[in-house]
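Below: one structure, written as structure tokens.
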């Protein structure tokens with residue numbers, strides 16, 4: 001109910017759209033130096049950096065529109081409420097998952113200017129050094145922690161915490177090391193939460209007691225354990241900070257930038273380059289969304305840059321004749337470049353949600369549902385000042401190593417299962433190399449295998465909360481699953497959803513880790529001091545106890561944290577890569593002279609954290625490579 005009320009309070013007018021009048025031939029049949037396909041997290045970064053040169057013209061093609069003063073996008077406390085809404089979300093679903101009893105999983109992707117940076121949960125964190133260095137180990141020359149750190153800093157402006165923004169064991173960022181690891185003048189605002197409930201301290205203390213310490217310096221190359229995670233929230237107004245209201249907002253009036261909104265790219269067009277035998281991406285076919293029969297062509301003098309994300313980048317490549325020849329021929333598309341790596345190597349974080357009833361004297365966000373007076377007060381405060389509970393996301397995030405959660409005996413068993421996976425026939429060279437790293441990370445101290453997110457609220461599971469009661473919800477995620485999936489077209493129509501097959505729980509290692517992690521969540525709530533605040537499990541019910549019952553529950557309710565990566569990996573072609581950005585190589589998508597990919601799909605191996613800061617940094621570094629600065 002408070003969702004509808006808040007929208008009414010915050011919206012003095014309907015969201016307005018800043019848009020090139022897409023859909024007319026006069027607008028869409030145009031030529032630019034650079035054409036960026038996808039105005040999302042990465043695409044707007046690249047566009048902004050390219051148009052710093054006033055003599056360069058840049059076009060951005062975006063199927064969504066630009067929402068300004070839209071509560072479902074801007075308001076931190078309303079995170080997740082735009083998911084499933086076709087105004088903001090592509091509303092993809094997976095193929096039936098064998099490991100989930102043939103169930104399907106909702107697979108949201110942002111459909112708006114800003115893409116999934118306008119849909120995500122605003123966590124602003126980093127992975128560990130080993131995870132970034134793994135990119136170079138796998139073959140992404142020049143991509144590692146040291147080379148990416150300047151761009152992780154370039155993206156952000158960090159607001160150090162006040163004393164009221166800390167929780168146990170957390171400290172302010174040391175001034176002596178701040179400039180070594182953090183940014184002071186980037187477009188994205190990285191801030192700390194402004195509102196914590198009285199369940200946060202006992203939760204953190206309990207997790208500490210169970211072997212997961214508080215990391216007081218998580219942004220310097222070790223992103224494990226529990227810490228005071230920052231948010232991409234601008235504290236000057238209490239709103240989400242994302243690519244559309246930072247990179248784009250600052251550049252929207254530049255005459256050399258044109259953004260085509262409500263305009264969907266449907267195909268890349270190529271011309272032969274006789275001198276090299278490679279193809280040149282010359283233009284992009286587009287169609288105006290919701291305007292029947294209105295098509296156009298946007299041409300590129302220099303380069304086409306695909307930034308459509310881990311799902312739609314491989315989809316558009318395949319629709320354009322670039323991909324696995326077998327896949328293309330199955331839907332009647334002529335193969336221009338036989339590139340089997342397109343759409344393969346899909347990796348994603350998994351998710352299982354549990355909630356627990358707490359005693360009535362525990363303050364949680366359920367107060368917004370239970371207390372109309374408090375709801376009205378907080379609505380008024382946020383509308384007036386951008387402060388209060390609606391300016392917050394009161395979660396506590398932990399990223400433990402597996403050895404902090406899983407017993408030594410079980411961990412040894414999991415390593416044996418990982419070794420059996422590695423010996424499986426038919427694995428690609430890339431998958432073999434990744435599995436070797438993951439087996440090492442299972443016993444590492446400085447790589448997160450799991451994630452726990454505590455939200456002080458109910459209503460996140462399949463069982464609705466009781467009015468008047470209070471809850472906490474704990475999300476459990478696996479950070480480096482061994483499942484390797486794919487994204488492929490099964491139709492020549494650009495409007496047909498691709499087949500998304502993440503292969504959730506498709507192997508014994510992932511099942512075992514999910515089981516141990518799910519049971520650990522229950523143990524957290526049964527351990528003091530948190531146990532004194534908890535009445536008991538709400539969902540799943542308390543009588544769920546045997547491993548067999550847990551596995552059945554997990555396979556029924558497992559979902560995703562919405563972090564797909566790797567489907568256009570920037571790796572050598574002979575191990576399954578699709579493109580390469582490197583110091584020594586100016587290669588683009590293999591077989592082309594001027595087609596780039598810049599989005600989460602190029603990241604060759606999943607990171608053990610929420611990836612938005614890393615995706616921004618990848619885009620910043622890629623822009624420098626395109627401009628010849630590296």
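Keep in mind that glycine also has a Cβ here, set from the backbone N, Cα and C atoms.
Annotated features, as they stand in TrEMBL:
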type: ACT_SITE; residues: 563; note: active site, proton donor
type: ACT_SITE; residues: 610; note: active site, proton acceptor
type: BINDING; residues: 611, 612; note: FAD binding site
type: DOMAIN; residues: 110-133; note: domain 'Glucose-methanol-choline oxidoreductase N-terminal'
type: DOMAIN; residues: 309-323; note: domain 'Glucose-methanol-choline oxidoreductase N-terminal'
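Counting residues of the domain 'Glucose-methanol-choline oxidoreductase N-terminal' (309-323) by DSSP class, helix then strand then coil, yields 11 helix, 2 strand, 2 coil.
Look at residue 611 (FAD binding site): DSSP puts it in coil. Counting residues per DSSP class in helix, strand and coil order gives 9 helix, 3 strand, 12 coil for the domain 'Glucose-methanol-choline oxidoreductase N-terminal' (110-133). For residue 563 (active site, proton donor), the number of other Cβ atoms no farther than 10 Å from its own Cβ, over all displayed protein chains, is 24.
In the predicted model, the domain 'Glucose-methanol-choline oxidoreductase N-terminal' (110-133) has a mean pLDDT of 97. Of all Cβ atoms in the protein chains displayed, 24 besides its own lie within 10 Å of the Cβ of residue 612 (FAD binding site). Across the structure, the residue listed as 'active site, proton acceptor' and the residue listed as 'active site, proton donor' are spaced 7 Å apart at their Cα atoms.
In this structure the alpha carbons, written CA, of residue 612 (FAD binding site) and the residue listed as 'active site, proton donor' are 9 Å apart.
Across the structure, the residue listed as 'active site, proton donor' and residue 611 (FAD binding site) place their CA atoms 7 angstrom apart.
The DSSP secondary structure for residue 563 (active site, proton donor) is coil.
For residue 610 (active site, proton acceptor), the count of additional Cβ atoms within 10 Å of its Cβ stands at 28 [all protein chains shown].
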